[in-house]
Amino acid sequence: MVQAFPIYLPRQRELIATWVILPMLSNITVGLRFYAKSKTRSVYGWTDWMIIVSAFFTTLLFILLLLMLVYGGIGIPGYPYTSTTEPTDVSLIHDQIGYANNIVLVFAVYSCKASILFLYHRLFTGHNGPMTIIIYVASGITFACFMGSFIGYLAAVRPIEKWWAWGDATAEQFLAMANINIAYDSLAVFTDFLIFVLPLKSIWGLNMNRGKKIGIIISFCFGFITCFIALARVVFTHGYQWKNLYDEGTVWSLAGVEPVAGIICACLPGLRPLMPKTFKMTS
């Protein structure tokens, strides 16, 4: 039976602090969004429900990361892979949780993208015919990327337990693991830029006051930060994987920052009713 590792290293404490603070930020932002909705008595829609789904999976992601730290040895030099030929009890639980977290991350990231796309559908309905078509096409592409990532993690390596029971895994199975990780990362970055670049020009032409327009554009500017976070994670994960700069705790932290930043970005326009009146610019 795997025993919990003692929390005694500064690196462990840093990771615990990071993995507690990040989901708190996203959950507080979502809470403020719904408080603002109740304050203005606004109608709830799919964009709101999908952000709840994203916040749920994001929180689950960090809970599983904390379990990986406590039982899988993240943050302790030499762990979890004390053997490079056969899985150990520690590496088994680490890799099982890690595999589950890959799928949880897919749902966390893409449900946040779905929330933003539902917002686009609401904003552009009846305002811009060509833009509505573009949003539908972008939604279809994003859904295809989501399904490709989800099915890929389920089907890329058969039998599926080779993700953690890798002692007799073949070179082709290891290559498939690497390829699906690269594919997910590439599709996530692509859809990030697709979603945030699409509407910038059209938003300024919408029939709303300047304050709302500026608020939405600021939100999209924050969205670009999300894009570059995703890009940085890809570069760090795959560019330094076999070098001394690679650190699993940092990789998972960057992975967690991506949905957290996306949730904050998606919630920012809805927080405008909570701002002081001096900041509510009107046309």
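Using the three backbone atoms N, Cα and C, a Cβ is placed for every residue, glycine included.
As annotated by TrEMBL, transmembrane segment applies to 16-36 (among others). Tertiary proximity for the transmembrane segment (16-36) is limited to same-chain residues at least six positions away from its ends with a CB under 8 Å from its CB atoms, namely 7, 42, 48, 51-52, 55, 58-59, 61-62, 65-66, 69, 253, 256-257, 259-260, 263-264, 267, 270-274.
Taken from TrEMBL, the feature domain 'Rhodopsin' applies to 32-275.
The transmembrane segment feature in TrEMBL is assigned to 48-79 (among others). Under 8 Å from some Cβ of the transmembrane segment (48-79) lie the Cβ atoms of residues 2, 4-5, 7, 9, 11-12, 14-16, 19-20, 22-23, 26-27, 30, 33-34, 37, 90-91, 93-94, 97-98, 100-101, 104-105, 107-109, 111-112, 114-115, 118, 248-249, 252, 255-256, 259-260, 262-263, 266-267, all in the same chain and six or more residues away from its ends.
Residues annotated as transmembrane segment in TrEMBL: 99-121 (among others).
Per TrEMBL, transmembrane segment is recorded for 133-156 (among others).
The feature transmembrane segment is assigned by TrEMBL to 182-204 (among others).
Feature annotation from TrEMBL assigns transmembrane segment to 216-236 (among others).
Taken from TrEMBL, the feature transmembrane segment covers 251-271 (among others).
Within its own chain, the transmembrane segment (133-156) is flanked in space by residues 99, 102-103, 106-107, 110, 113-114, 117, 120-121, 124, 176-177, 179-180, 183-184, 187-188, 190-191, 194-195, 198-199, which lie at least six positions past its ends and keep a Cβ under 8 Å from the stretch.
Model confidence over the domain 'Rhodopsin' (32-275) stands at 85, taken as the mean pLDDT rounded to a whole number.
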